[in-house]
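Marked as region 'Disordered' by TrEMBL: B:29-53. The feature compositional bias 'Low complexity' is assigned by TrEMBL to B:31-43. Residues or ranges marked as domain 'PBP' by TrEMBL: B:52-339. According to TrEMBL, the phosphate binding site annotation covers B:Ser57, B:Ser58, B:Ala59, B:Ser87, B:Asp105, B:Ser195, B:Gly196, B:Thr197.
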Amino acid sequence: MSESSATPTPAGASVDSGNTGVGGRVPSADTTPEGPISAQPVTGNKTKVRPGDRIFRGLTTGSGVLVVVLIGLIGLFLLVQAIPSIGLDQVNFLTSREWSTNDPANLRFGILDLLLVTVATSVVALVIAMPVSLGIALFLTQYAPPKLARPFAYAVDLLAAVPSIIFGLWGLYVLAPQLAPIASWLNDTLGFIPIFADGNVSSEIGGTIFTAGVVLGIMLLPIITSLTREVFQRTPVAQIEGALALGATRWEVIRTTVLPFGKAGYISASMLGLGRALGETIALTIILLAPSTTFGGSIFDGGATFASKIASASSEFNDPRSVGAYITAGLVLFLLTFLVNFAGRAIVSGKKEYR
Amino acid sequence: MNFKRHGAALGIVAAGALLLAGCGGDPTPPGGSANSASSSSTPVDCGGKNPLSAEGSSAQKGAIDLFAQAYGQKCAGAQVNYNASGSGNGVKQFNGGQVDFGGSDSALSADKGEVSAAAERCKGNPAWNLPMVFGPIAIAYKLDGVSNLVLNGETTAKIFNGSIKKWNDPAIKALNSGANLPDKDIQVVFRSDESGTTDNFQKYLAAASNGAWTQGAGKSFHGGVGNGAEKSNGVASAVQAVDGGITYVEWSYAKNISVAKLDNGSGAVELTSDSVGKAIDNAKVKGEGNDLVLDLDALYASNTPGAYPLILATYEIVCSKGYEPDTAKAVKAFLTVAATDGQARLADKGYAPLPKAFQDKLLTAIQAIA
Amino acid sequence: MTTATLDVNQPATPPAFQHLSTGRRVKNGIATALVWLAFLVAVIPLVWVLVSVLARGAHMVANADWWQQSLGGLLGDDVGGGVYHAIYGSLVQSLMCAVIAVPIGLLVAIYLVEYGRGRLAKATTFMVDILSGVPSIVAALFIYAMWITTLGFNRSGFAVSLALVLLMLPVVVRSSEDMLRLVPDELREASYALGIPKWKTIVKIVIPTALSGILTGIMLALARVMGETAPVLVLVGYSGYINYDLFSGEMASLPLLMNSERVSNPSPIGTDRIWGAALTLVIIIALFNLAATLLSRLVAPKKK
């Protein structure tokens, strides 16, 4: 699914390998059972390292360093270009909800509203995607007829291959009209709860956080599913058989063995899905309407996320001071996804049993 | 073995890509050549610098594309590269001597020092603002059962700043005596991105609303109500999606939507090429001589019968003198073609063709470039 | 490894307790129903999206001109033309991205598998993970800030390729790393025993063994970056004409064409072009996926 996702690739790549996905990501290769023996190079007699080896080693190590430096460079370049604009900002860039950059001499921009809308869309998406993904992962590992499990898994992975611009267009032109009655029903019956209150954009047009969240949720399904599935597959067979031997039903087997074992992996997968949702660009740019008031806490509000704000302004990038405002938004988004991904990885990195 | 087999597979992919690269082509634009053959009364002195370079307003990009097409047909092989990076950039690049002419939604401003910078770029000669491209802005709406809506400046301003919230508001009723206006919420749709269309629309509201519009102008919408959609087509499709929607949008985007008539005190005026032409004809030039800066505020507030005043005027900014000789030749040739042959398909793109009298004014100015 | 092969409903020997309490049975039934439902919920949008794209775009791609012509010189409501210019742009931008990303990615993977020990290896693994989580719009902004603002280059197709490198790199590293780890150590040991230097062992033994898997990963990564929209929005302008020059000028690509028609073409022809381009993109991505599957089937990766 286009935008830089962390999932293993759909078709063949993840099929046979035992260590794709969460488990394979664990740093420290030296404990991996399949780890090559190269830790102890064959140095029977103390010969010098051959020049070819030295060059090759330098080349590969240099590439490794490059990746590390690259992340630093991203942060650095964004920071360097954001600082002048933050300095020119007439309002507080963290707490203001204004966004007005067309007069470079009077920049007024704050990220608060973008942050709230970004989080709101992602939360709606996760509320939809998390339970469904859990169901799919259980289905694929525990319920599906063994012969069909692989084709079914392939079908779910195919969702990830559909570019997000297509999801966006489909969401706005095909799905939104179908969602409108559901939205108005939610609004009518549960309107007394603030998150279902009347929004600040027209619900008939459909460009609400609700619509965007549903589409985003669908886009997250394959990501969360594939990582969760891999962890579930690692549930020790002995545990499952033990539960079966005690007369457990299939659901009880899942509840007592698969879920406790895979919980951390599932949460980690959801975090990675969240990271993906926070940065989703074009689908949200297409769907979300911009209200003329700020975000009021309802899922029927409109708004702009960090990414959609940047994308819709990109054709007017000409004055460096105005661009700096958008780069500031990009920097905050970068830090946000960094933290979320970091947390997602940290949850599983300590788990030996996932390897 | 493996390597060979997969090398071959990769080779097939690469070969496929190369094969693809060999067989494509640009299509022949329909109708283009037929037009140029028929309408060429004005002689054009082709030649000079090729390609010309220009930069600026994205609002006139579509018109410039047509002009460039006509220019290429009239003067074989002649090209114009127009980079639609925004008015501000157009002025900056022109004044810096990077491009041969600039495109801008507003005339050069003396306050910002643009006039003097331009004079310096033109080796001490003044730069001229030539309003070559006019785009009418339609007030488009969707309201079941109402197809003949009439609005005036004041009512429009009140709708777009939220003072009028229902379609059956007395102010709207007063303008549409026969219509069956429903008790529905008005859903205002505005441009969420920064745009010259929004700027001009708000200038119009400020000038024509008897003080009802106090929000000022600018490239972002200041009405404080409604739904923001992205770009012209975004607002057009959003307004079509909701019964009771209303928006402002360039004319070409309102082809499939109902467009309100504007009443400026002397009767309702429909948006047509003729009514726009009449407004352009009546526009006052406030620049001197061949510097055709328009007084848009006066135009917006005018009540000429049969004239549709809500238009976006965009300028080409050129040197009156001070070009290299072959640059001057090409600029003159291009602008001449633009003002004559280039007008042919403008209406399709949502721009208003120049009325005859105004066309003559422009041609006089273009011929005076040296 | 999985329990999916065990048929849970038919124990080998009848359990002592034949009778399940109603509560347990109902719970089990509900769980089963919910799990099946979840799967259906995932399949419905997939089918729905594909059917929508197919139904709305099929009549456009069925025309030979669609694959051979550009939209140059055509107005928004002119029938005809095609997306050749955008297909060319998409392929060339992605291929240029692969030319940069694949060697680097492969080297990083080799480093992680064959050399990487200690802190740097941990940092690299971690940063690859972080890189795979960097949103495409951030990658685009980074290239904008570096390539266009700081280094002063113009917007071009090549700038897009650079941004795509950031997105493709982690995918290539991951898939290559996995494949290299699958290469049995016996092969390496045998090679060392013959006195072959380590680098030659890697180049001549390890990589060829893992090659089919690596290529599969590359094809899938290519298919993925081809659908990226955010970088093309920020880093290159749209042109309806064919532009063969990756390094200068405006250059179309399929996502950019779809977006450009979406924001600027009000006529029904524009809608046709959007869905036609969407179907074209789906077809191309499907072809790349198919190629990847074929590659992986051709020679399954060597296992221990």
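The first residue you see is number 1, and the count goes up from there.
Each residue, glycine too, has its Cβ placed from N, Cα and C.
What you are looking at is a predicted structure, and each value in this text was computed from that prediction instead of being measured.
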Maximum Cα-Cα separation (Å), residues B:Ser57, B:Ser58, B:Ala59, B:Ser87, B:Asp105, B:Ser195, B:Gly196, B:Thr197 listed as binding phosphate: 12
Cβ-centroid neighbourhood (8 Å) of the phosphate site, B:Ser57, B:Ser58, B:Ala59, B:Ser87, B:Asp105, B:Ser195, B:Gly196, B:Thr197 excluded: B:Gln60, B:Gly86, B:Asp199, B:Leu312, B:Thr314
Other CB atoms, at most 10 A from the CB of B:Thr197 (phosphate binding site): 24
Taken over the domain 'PBP' (B:52-339), the model's mean pLDDT: 89
Secondary-structure category, per DSSP, in which B:Ser87 (phosphate binding site) falls: helix
Neighbourhood of B:Gly196 (phosphate binding site), C-beta criterion under 8 angstroms, separation at least six: B:Ser57, B:Ser58, B:Ala59, B:Ser87, B:Asp105, B:Lys219, B:Leu312, B:Thr314
